[in-house]
Amino acid sequence: MRTPSGPGGRPRSVRVRAPGKVNVSLQVGPLRPDGYHSVASVYLAVSLFEEVTATSTPGTGVTVSLSPASTLDVDALEIPLDERNLAVKAARLMAEMTEDPTGVHLTITKRVPVAGGMGGGSADAAAALLACDALWGSGLSKEELAHVAAELGADVPFALLGGAAVGLGVGDQLSPALATSRFDWVLVPADFGLSTPRVFAELDRLRDEEGIAVPEPIDVEPAILAALRTGDAGGLSHLLVNDLQRAAIGLAPQLRDTLGWADSHGALASIVSGSGPTIALLAPDAASAEDLAAELAHRGVEAVAVHGPVPGARIVSDTVL
Ligand code: ATP
């Protein structure tokens, strides 16, 4: 078991990084009586990473701050820095499961757009879980950590796992998918966020209005898994699906501009990521992704070239201060 702090009670700091995700496929069922929606989703972890540093503090309790090293403008972010913060929730849950935890301060380096449909908050929660587990020597198994992650939110188990995975249930019933080749993407964040519950509600409203009754999604399209398995970006480009896309566009019609631009400028396909508003463009290769990102930047549109799959939450450093 690791010691909770360094020699002589000196503070210890564990830094963990965890990836954001895009949904390569996201089918959404009807509103369930419990207020949730069943989904059938294929997650892909991409190389845009959140970092959480957990530093032991005297006493007890969990505090949090945002790092100035963040690539996002942290002063402008609408992120609660109290017990509502997903990383704080994760640390508190770990403290409950740990004998004699120290206090902890969490420093979050934000890179994944907030309320962007890429699971940034979930990545912070997964990173905080792993960091506190190491800091306090909680000794939870992978399965136990995944169980705690699911309590924190539907996307948290995937941020722990990483790679590519099929998500059923509310997205939390995960099975890893084989994806050994690299897929290149360009992410186009928006300068506004979309609330995930609001996007789901808009989809329900549109379906009601159109009298569309959808079945519960049972499984994902096998061809998507085959394209991931064989590294076939061209094949995958014809199979990208996101049921939430039209709801996100209904709430933010300007998303059409980037989607339309991408299709006529060399992207294989473009899709709203999760509940949006971040847009993910699938590129044929790394060089094309860099070119697309540069062209967008030239037009004054923020864009970042990434690739996936990448691993889930991992310890980057463990230091006695
Ligand atoms: P989802 O996983 O629901 O698709 P998202 O990726 O669209 O979410 P997040 O960046 O995870 O969006 O944030 C959703 C909301 O969660 C934000 O509006 C924010 O107020 C709240 N939140 C709580 N903790 C965090 C955190 N550590 N980072 C970002 N947002 C957080």
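Cβ coordinates are placed from backbone N, Cα and C, and glycine is handled just like the others.
A TrEMBL annotation is a machine prediction, not a hand-curated record.
Pulled from TrEMBL:
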type: ACT_SITE; residues: K21; note: active site
type: DOMAIN; residues: 85-163; note: domain 'GHMP kinase N-terminal'
type: BINDING; residues: P113, V114, A115, G116, G117, M118, G119, G120, G121, S122, A123; note: ATP binding site
type: ACT_SITE; residues: D155; note: active site
type: DOMAIN; residues: 225-299; note: domain 'GHMP kinase C-terminal'
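Shown here: features listed in TrEMBL, placed on the structure.
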{"residue": "K21", "record": "active site", "DSSP class": "strand"}
{"residue": "P113", "record": "ATP binding site", "DSSP class": "coil"}
{"residue": "G119", "record": "ATP binding site", "DSSP class": "coil"}
{"residue": "D155", "record": "active site", "DSSP class": "coil"}
Binding-site residues near D155 (active site), in sequence order, restricted to P113, A115, G121, A123 and a 10 Å Cα cut-off: G121, A123
Under 8 Å by Cβ from G119 (ATP binding site), counting only residues of that chain that are 6 or more apart: G20, K21, V112, D155, F158, A159, G274
Other CB atoms, at most 10 A from the CB of P113 (ATP binding site): 26
C-beta crowding around G117 (ATP binding site), within 10 angstroms: 30
Sequence-ordered recorded positions from G121, A123, D155 with Cβ under 6 Å of an atom of ligand 1: G121, D155
Neighbour count (Cβ, 10 Å) for D155 (active site): 29
Among A115, A123, the most crowded of the binding-site residues [Cβ within 10 Å]: A123
CB-centroid shell, 8 A cutoff, ATP site P113, V114, A115, G116, G117, M118, G119, G120, G121, S122, A123, site residues removed: G20, V112, T278
Nonlocal neighbours by CB distance (under 8 Å) for G121 (ATP binding site), same chain, sequence gap 6 or more: I79, L86, A87, V114, G153
